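Copied over from TrEMBL, here are the features:
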TRANSMEM  12-30  transmembrane segment
TRANSMEM  68-86  transmembrane segment
TRANSMEM  92-113  transmembrane segment
TRANSMEM  125-148  transmembrane segment
TRANSMEM  179-197  transmembrane segment
TRANSMEM  287-309  transmembrane segment
TRANSMEM  315-331  transmembrane segment
Amino acid sequence: MITELIALLTDAPTLCLLATALLTAAYSSYRANDTFFKRTTSNGTSTTSSPSEQFVDENRRLLEGSTAIAFPVIATISIVFLFFFIHSIGVILTLLSTFSSVFAVMFFLWPLAELLVSRLRALGVVVHTHTTEAFIVVSTGLFIIFAWLFTGNWIPNNIIGISLCVLFASLCKVPNLKVTCLLFAGLFVYDIFFVFFSEKVFGRNVMVEVATSAPTNPIAALADFLHLPFKPVQNLALPAKLIVPAGRDEYAILGLGDIILPQILLTYLLELDLLRPGQARSWRNGYFFRAVLAYAFALFMSFYCNFVFRNAQPALLYIVPALLFTTLLYARSLNEVSIVWDGLHHRTQQVVNETIIEQQDSGKDLETTALVP
C-alpha cells in the first residue's frame, strides 16, 4: 500500500484532477453566495447587479425534501436509459449539452470579463462597460464551445464542466442539512450500486460504460454531408466529467457529480458561516473550511483506493461520510446541531414566531390586569 501511496503522490494527472475538483467546488460555493459579498459596497451603498446575478436571482431554486428523494430515482432512470440508448440519441444529447454549455460558460466568464473591463476602463481604454463585457463573454464563450465541438480537446471540455458546476451551485441550493442528508443518502446508494454491482445485473459496468462513451459528433456528420474542407472529431464525449491526459490514450477521470453533490453542502455551509449572527469568523474558522478539508481527504482516498484495487471507485462512498461526519461533529462541538439541521432561516423564523406569541400573551395579561378592579 505504501507503493500505491507513493505512486499517487507522484502522479501529476491525478493530483491535477484533485486540485481542479477542490478549486471548482470552493469557487462554486463562493459564486453561489456572491450576493453576500457584493450586495453592498464598503460604504453601505447598493451596487448594481450584473446580468449573471440577475439571471441567478430570477432562476434560483431551493431543493425541497421531495425533490431530494426524487433526484436519485431520476438519476437511476437516466443512467439506465443512457446505457442502452446513448449512441442512438447521441446527436440530441450533444445538442442539449451544447445549449446548456453556452449559458454555463458565459455565466462562468462574466466576473472575469467584469474584472478585465474595470481595469481597461480605469486606463481609459473602454467606455461602454456592459457592451464590452457582453462582447468579451459571448466571443470567448463561443470560441470555447466551438473548440470543444470541433476538437473534443480535454481543455475546453474541462472549462465547460467547471462552468456547469458553477452554474448548478448558483441555481440549486439546499435550505438545511436535513434535505442534504436525504439527497446524499439516495445518491450514495446510487453511486455504489452502479459502480460495484451494475455489472452483475446488466452484464457491463453501467457507470463506466456511460462515463467513457463518446457519441457521434453531429458537427462531423454535417461536415461530411456538406463536403467541408475541415474534419471535426468523429466521436465527441459529453462534458459530464473532468479529464486530464495520463499517457497515450489514457486519462484520469472524475465525474461532475462527484463535484456538484459535495458543493451543494459546501454552499450551504458557507452561507451558514456568513449568516450566523455575532459569529464573525476567519475563513479558517467555520463549517465551510472544515468541509473543504474533509472533501479533499475523501477525494484523495477515492483516488488512493483506485490505485490500490485497480478498478473504478464510487467517490461518494468516501465523500458522503466524510462531509456529513465532519459537519455534524463540528456542529455538536458548538452545540449547533439543531441550527445546522433545520437551517438558520428556519431557526430565525421560529424565534420570531415565539417572540410574537410571547408578546401577544403578554398583551393579553396586561389587558386582564387592567380589567381587574
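Cβ coordinates come from backbone N, Cα and C, glycine included.
For the transmembrane segment (179-197), the residues of the chain that approach it from at least six positions outside its boundaries are 63-65, 68-69, 71-73, 75-76, 79, 205-208, 257, 261, 264-265, 268, 312-317, 320, 323-324, judged by C-beta separation under 8 angstroms.
Sequence-distant residue pairs (6 or more apart) of the transmembrane segment (12-30) and the transmembrane segment (287-309) include at least 3 whose Cβ atoms are under 8 Å, placing the two stretches in contact.
For the transmembrane segment (68-86), the residues of the chain that approach it from at least six positions outside its boundaries are 93, 174, 179-180, 182-183, 186-187, 189-190, 194, 202, 204, 206-207, 209-210, 213, 215, judged by C-beta separation under 8 angstroms.
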